[in-house]
């Protein structure tokens, strides 16, 4: 068992995690390819990338509007970032298990600052691309925030804490585009959109780093227990409940057993491979649908970027309300099951709609999916990991998801333009149906958490 965390410390850490994640996600929303003048762009790298994108567009029988060029370029950069995250996430998670969450997070923030500095100094596309590479290899804020949240939560509080992390995503999803639109309305920003976005992102990331350095305590249970037993000052000053030497040595979860060598092993109900595979399959189809949605709304309804922004804002708002009021009251497995069914219904609906009302009905179902699936999978993965391996296991889960996010948009968009909307979304629906089969018949409620629901958590302890 981990050293118990008192409510005051838990509340303090959750506040730090919540506000730092908001800063991080708002800064991520500002990252974009931008535009490079003919004088400053690299005539080799950017020209080659655009040449490949044009060749990709020309491979389809139907003409692809040039208005999608910047979207495709942004998608290519997003895929690169996700694939780099797939490589880096397990490493960052494992390092946090060894050296502590706070140390790993501050190192990650150092890499993020370097990434944004490269962006600020970029005068050609090559330097901007380098900044994305550095950012992809160093970004660990989300997975470490989840690891920190699990460190300070017991089984009853775990799902509620995961929902709190999900709320951060929904808020940034809701207000991030609006923030970008507001900034673009300022004359100075409109005249220098690339430089202003870079400078504002640097301000946000430095502010987040200083805030974390000043306010975030160490939460890795083994580090906290070791420091207390050695009489050292502990960053988590609010942890005042006594910790015995035997409790400090037991850094595994509640469900443990001893092998013939006397070493404690964690008994798992669901294999991490199955959880990771479920995450990969879900994100593969969900991210592909998500990326193709603006193409579909333009083709069917002539939606502008502003109208698509309102649609995404609606989804984010609904997801925020669901996570704050409903998701945290569900068991993690039930949360995942509800989400994949909602996604399945949304995909089959998107394949057949021809009215704006139908579009918003599908968006409502997708908001349910956004509010439930990843939150539930993170909670399930944390239940299946001991305290000394939780960062690595959560990093692996994120890695598989980022792999799906890296290739999903390319595959889904290709099917969309080759075979049309009905075929693409029907295939996506069949893929999610396969994922749903695994969720309903392959995943089980972890041992030791049967009958425990998220609503059993003390709401006062997670109140911001």
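Indices start at 1 and increase along the chain as displayed.
Glycine residues also receive a Cβ, built from the backbone N, Cα and C atoms like all the rest.
All annotation found in TrEMBL is predicted automatically rather than curated by experts.
Annotation comment: TrEMBL describes 247-260 as compositional bias 'Polar residues'.
Across the domain 'Major facilitator superfamily (MFS) profile' (13-446), the prediction's mean pLDDT works out to 82. Sequence annotations record features per position, and here TrEMBL assigns domain 'Major facilitator superfamily (MFS) profile' to 13-446.
According to TrEMBL, the region 'Disordered' annotation covers 244-263.
Summarising the annotation, TrEMBL assigns transmembrane segment to 12-30 (among others).
For the transmembrane segment (70-92), the residues of the chain that approach it from at least six positions outside its boundaries are 32-33, 35, 49-50, 53, 56-57, 104, 108, 129, 132-133, 135-140, 143-144, 291, 294, 391-392, 395-396, 398-400, 402-403, 405-407, 409-410, 413, judged by C-beta separation under 8 angstroms. What TrEMBL lists as transmembrane segment is 70-92 (among others).
Among the features that TrEMBL reports, transmembrane segment is placed at 104-122 (among others).
Summarising the annotation, TrEMBL assigns transmembrane segment to 128-149 (among others).
What TrEMBL lists as transmembrane segment is 161-182 (among others).
Residues or ranges marked as transmembrane segment by TrEMBL: 194-214 (among others).
Look at TrEMBL and you will find 273-295 (among others) tagged as transmembrane segment.
The transmembrane segment feature in TrEMBL is assigned to 301-322 (among others).
Look at TrEMBL and you will find 334-353 (among others) tagged as transmembrane segment.
Feature annotation from TrEMBL assigns transmembrane segment to 359-380 (among others).
Among the features that TrEMBL reports, transmembrane segment is placed at 400-419 (among others).
Per TrEMBL, transmembrane segment is recorded for 425-443 (among others).
Proximity of distant same-chain residues to the transmembrane segment (273-295), defined by a Cβ-Cβ separation under 8 Å and at least 6 residues beyond the stretch ends, is recorded for 68, 71, 75, 303, 305, 308, 311, 336, 340, 343, 347, 350, 369, 373-374, 377, 380-381, 384, 396-397, 399-405, 407-409, 411-413, 416-417, 424-425, 428, 431-432, 434-435, 438-439, 442-443.
Of the Cβ pairs linking the transmembrane segment (425-443) with the transmembrane segment (104-122) and spaced 6 or more residues apart, fewer than 3 are under 8 Å, so the two regions do not touch. Note on the transmembrane segment (334-353): residues 159, 278, 282, 285-286, 289, 296, 300, 327, 359, 361-363, 365-366, 368-369, 371-373, 375-377, 379-380, 421-422, 424-426, 428-429, 432-433, 435-436, 439-440, 443 of its chain, located 6 or more positions outside it, place their CB under 8 angstroms from a CB of the stretch. Residues of the same chain lying 6 or more positions beyond the ends of the transmembrane segment (301-322) and with a Cβ under 8 Å from any Cβ of it are 166-167, 169-175, 177-178, 181, 293-294, 356, 359-360, 363-364, 366-368, 370-372.
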